[in-house]
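**Q** Input: one structure, supplied below.
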Amino acid sequence: MQPSMPQQGQGPIWTATSSINTESQVTLPVPEPSTPAAALDPLPRSAFLPETVKATEGLTHTALTQPFVVCLTAFLMQYDADWGQWWRGQKAKVPRELVPAYRFNLEARHAFVRTQYIKAIDLVQDLTSGLSLMELCAALYRGAKGIAEANQHLTVLLALLPKAQQLECRSAWGFTPTGVMSRGGPAVHADDVAVVLGDGFHVPRLAEGISAAYDPLNEQHIIEKQPVEPAGDICHHFSARDMTRPQPTIQPDFAKDMVILGIAGAIAVMVTSTALMPFDYVKVKQQVNPNQAPMMETLQGIIAADGCWGLFKGWGATMMMSFFCGAIIFPGVEVGKLWLTAKLGAAFVAKYRVISVLSTTAFVTFISSLAMIPWEIVKIRTMATTENLGNCFSVLGRILSEQGVLGLYVGFSALMTRNLVYMMSKFLVFDFFTDIVLRVFGRLPTNNFLLGVLSTIKGMIAGVFSVCVSHPPDAILTRMNQDAKSLGLVTAIQSIWETKGIAGFYAGVITRGLWAAGTVAMQFLIYDSVKALLFAALMLGIA
């Protein structure tokens with residue numbers, strides 16, 4: 001294996017002065033589809049490395065072999081406390097969509113750690129690329145002074161260098177070959193010397209049983225073949241040979257992602273629907289009132305007749321609708337885009353982003369609507385009448401007994417049209433709003449409070465826009481189901497036109513717009529918060 005020649009460094013080694021950017025994903029020898037990006041944090045300072053890289057323009061630095069850098073990375077993480085803490089902190093870099101796979105799948109967890117270790121090796125190669133071997137060895141020797149085990153491992157690092165580089169390194173140490181002498185047995189090839197990666201982001205270390213001996217015949221240190229601790233569930237080996245092997249692709253666990261995101265979505269929609277249900281009830285009353293009373297007048301009439309609790313009439317049906325909406329649509333859109341990315345590639349999905357957002361939203365909205373429509377019918381029937389029809393299950397049973405199963409899908413075409421237009425426009429605006437902000441302001445805020453404000457504004461705009469384009473089908477649906485005897489689609493349209501004219505199709509639009517602005521803004525805010533808490537909880541108790 002031929003090591004690639006490092007680039008000459010200029011300026012402090014702790015700044016990005018070479019070809020590898022610590023903020024971007026390092027290109028790995030992994031076939032498509034690749035593991036989602038998880039860039040490492042910038043490397044910390046180390047007492048084992050020099051503070052600066054000397055300006056040595058025109059000087060050709062000695063290339064470090066890959067086996068040396070692989071073990072040097074583990075050495076720094078094992079003996080430098082800051083580096084060990086840095087490595088353990090990379091657990092936070094597990095992409096959210098991979099958290100279930102990382103938590104429950106041992107092979108996926110090992111594969112992700114190996115992928116991140118490769119990136120760490122590349123960063124270490126970058127940091128040391130501006131140093132001469134003597135500068136590096138002198139700094140390592142100073143840092144390891146007084147640490148017996150670290151000095152033993154330094155000898156292993158020495159044995160991983162070619163003979164000429166060993167002489168240069170011993171010169172920097174003022175080192176005279178003593179200690180363990182070779183027994184003349186076969187030497188281990190440097191490419192096979194392994195470090196041990198734990199089950200998760202435990203600090204890497206040299207595998208037990210690896211030791212260096214001095215071969216006086218060839219005047220160099222070698223790694224002698226000895227029994228090495230076996231790999232298992234709690235650890236796995238990594239050597240220089242793994243640098244060129246394709247690493248396993250880690251795919252999201254779509255089923256577990258759907259469950260977790262479904263819980264977050266259901267909570268978000270049910271909470272927001274409860275909080276803003278009075279707006280929805282007032283909107284329905286405005287739509288069924290032939291006099292087109294203003295919002296405040298309608299609100300006062302409801303409170304006068306039924307009290308404040310009257311604003312929550314139909315809450316049970318609303319909760320059933322909200323559950324199916326949150327548990328299917330929110331995770332469906334998110335996981336659907338992940339699935340498309342896994343199947344078609346990130347570049348293809350990015351190129352046809354509008355189509356991917358609209359297609360995934362339309363598909364999951366259609367599926368969820370099949371479960372939501374019966375409860376929408378129950379909700380409208382409950383809200384539109386002044387009678388006390390009982391709880392939502394009683395109303396459901398009454399519709400089934402009077403009209404059969406088809407009675408639960410009266411106005412299916414109008415409701416499905418409304419849901420599709422509403423959801424597709426909502427998610428499309430929400431998805432592209434960030435792009436608009438970047439075009440206008442050039443950058444996104446970094447303050448958490450401002451990011452929360454931005455998310456709220458984004459949700460409000462998405463809600464209002466989606467209401468404007470989907471309100472006529474909503475008005476038609478309400479008219480079809482406001483009476484005990486449901487109307488047909490054409491009859492409902494004619495009824496609205498004859499009694500209220502074109503304005504009838506937008507009756508209650510302001511009320512529904514206020515409802516949607518608050519609902520969508522709160523939904524995404526709560527959804528993101530609950531989702532973050534659930535994924536964080538999954539990572540507890542595992543490295």
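Cβ coordinates come from backbone N, Cα and C, glycine included.
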**Q** Looking at the ranges 156-176, 450-470, which is given as transmembrane segment in TrEMBL?
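**A** Per TrEMBL, the stretch marked transmembrane segment is 450-470.
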**Q** Taking 121-142, 319-340 as the choices, which stretch does TrEMBL tie to transmembrane segment?
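**A** In TrEMBL, residues 319-340 carry the label transmembrane segment.
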**Q** Pick from 258-279, 500-521: which stretch is listed in TrEMBL under transmembrane segment?
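**A** Checking TrEMBL against the ranges 258-279, 500-521, the transmembrane segment one is 258-279.
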**Q** Need one number: mean pLDDT over the repeat 'Solcar' (256-339).
**A** 84
